[in-house]
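Participant: Please find one structure pasted underneath; my questions will follow.
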Amino acid sequence: MTLALFHNLTLASMTDGPTPYGLMPKGALVAEAGQVLWSGPQAELPAAFAAVPAHDLGRRLVTPALIDCHTHVVHGGNRANEFEMRLNGASYEEVARAGGGIVSTVSATRTATEAELLASALPRVDAMIAEGVAVIEVKSGYGLDIETELRMLRAARAIGQHRDVTIRTSFLGAHAVPADFAGRADAYIDTVAIPALRTAHAEGLVDAVDGFCEGIAFQPEQIARVFDVARDLGLPMKLHAEQLSNLGGTKLAASYGALSADHIEYLDEDGVAAMARAGMTAVILPGAFYTLRETQKPPVALLRKHRVPMAVSTDANPGSSPMTSLLLAMNMACTLFRLTPEEALAGTTRNAARALGMADRGTLAPGQRADLAVWDVAHPAELAYRIGFNPLYKRIIGGTL
């Protein structure tokens, strides 16, 4: 197999250890067959690698490539008109009566072909790739009928065939109750969400199962019925939970050994402790908090107290978080929620990988996937510090320039 040596760089390996960021000011890295074979101080490079083809990275910063672990980039239409309506004083109910809200996105998504869904998603994905992202989680959930949910997942899978990025799909059939099932959430779960999940799994379209546990969406017992099927199918789970109220969704997710609970603004200490016991990751989504002008913040201090890993993501979606910048999400997590820059970078590398169950991503330790982001900055704190500035020099995927 071809070896590649990357040297003359500042390495932020993001491994656990005594040094913040796993930082090595004069580092080097050897890749082979898509994996990190060796990383460490350049002065300690083993002699066996002396003749390996070398790439001088000009003293730039190298981190693991970024991971956006919670997105809705596949959808039809946009909701810019609602943004304007709200700023002109329209209430949520007035927007909904005018055909807005999730109903608008569901309608636009149901009428879009798979090719159209893919074509509209690719520019969003390109914006993420341009900021050093190598893994993107993509959810369904804007079809809310069997065929459209499948079409969304097929379009998500197709992204990975058109771009050099790893796609992880999440089935989100339990996202909202569609208008044609108004007042019949149980019937929707039984006749649409669960059959769609079984069919999508049979087609190999599902990497994980998600849901939205909230008063405006589904109750814990309804989510549990979907999770029972996910468990029977051997699929990992995650959950939108405690965003607008505390319904106990996080405790439910913990009882199923879920990978993550996402949003969690209203999570209490009992829920945090349940996450810790279950080994879950907390996914922080500052874009939605900002866009919705929320005031209840995620319990960051409690998450630290109970040592629950925190991931950070864009929540890219047409309604509550119309953003694709993971660097901006990092800055927001620091500014709005008081994460440290190191926590923010861990949240888009090591802990984002945990949130997706990807044990081979997120650090630059030997045996990890050699997906690198090379930055024109001197220190990793600069990635979360600057706003509206993209210092990416290049991505290196699988150790290949």
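Cβ coordinates are placed from backbone N, Cα and C, and glycine is handled just like the others.
The following feature annotations were taken from Swiss-Prot:
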BINDING   His70, His72, His240, Asp315  Fe(3+) binding site
BINDING   His70, His72, His240, Asp315  Zn(2+) binding site
BINDING   Arg79, Tyr142, His175, Gln243, Ser320  4-imidazolone-5-propanoate binding site
BINDING   Tyr142, Asn317, Gly319  N-formimidoyl-L-glutamate binding site
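Give me the local environment of each listed feature.
Facilitator: Under the DSSP three-state reduction, His240 (Fe(3+) binding site) is assigned to strand.
Here His72 (Fe(3+) binding site) comes close to Val138, Lys139, Gly141, Tyr142, Leu172, Asp315, Ala316, Asn317, Pro318: these same-chain residues lie at least six apart in sequence, with C-beta atoms under 8 angstroms from its C-beta.
Non-local contacts of Ser320 (4-imidazolone-5-propanoate binding site) by the CB criterion (under 8 A, 6+ apart in sequence, same chain) comprise Gly287, Ala288, Thr291, Leu292.
Counting every protein chain shown, the Cβ of Gly319 (N-formimidoyl-L-glutamate binding site) has 21 other Cβ atoms within 10 Å. In three-state terms derived from DSSP, Gly319 (N-formimidoyl-L-glutamate binding site) belongs to neither a helical nor a strand segment and is classed as coil.
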Participant: Out of His70, His175, which of these binding-site residues shows the lowest number of other CB atoms within 10 Å of its CB?
Facilitator: His175
Participant: Out of the binding-site residues His70, His240, Gly319, give me the one sitting nearest to His175 (4-imidazolone-5-propanoate binding site) by CA distance.
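Facilitator: Answer for the nearest of the binding-site residues: His240.
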Participant: Fewest neighbouring Cβ atoms within 10 Å: which of the binding-site residues Gln243, Asn317?
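Facilitator: Result for the binding-site residues Gln243, Asn317: minimum number of other Cβ atoms within 10 Å at Asn317.
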Participant: If we check Cα distances from Arg79 (4-imidazolone-5-propanoate binding site), which of the binding-site residues His70, His240, Gly319 wins as closest?
Facilitator: Gly319
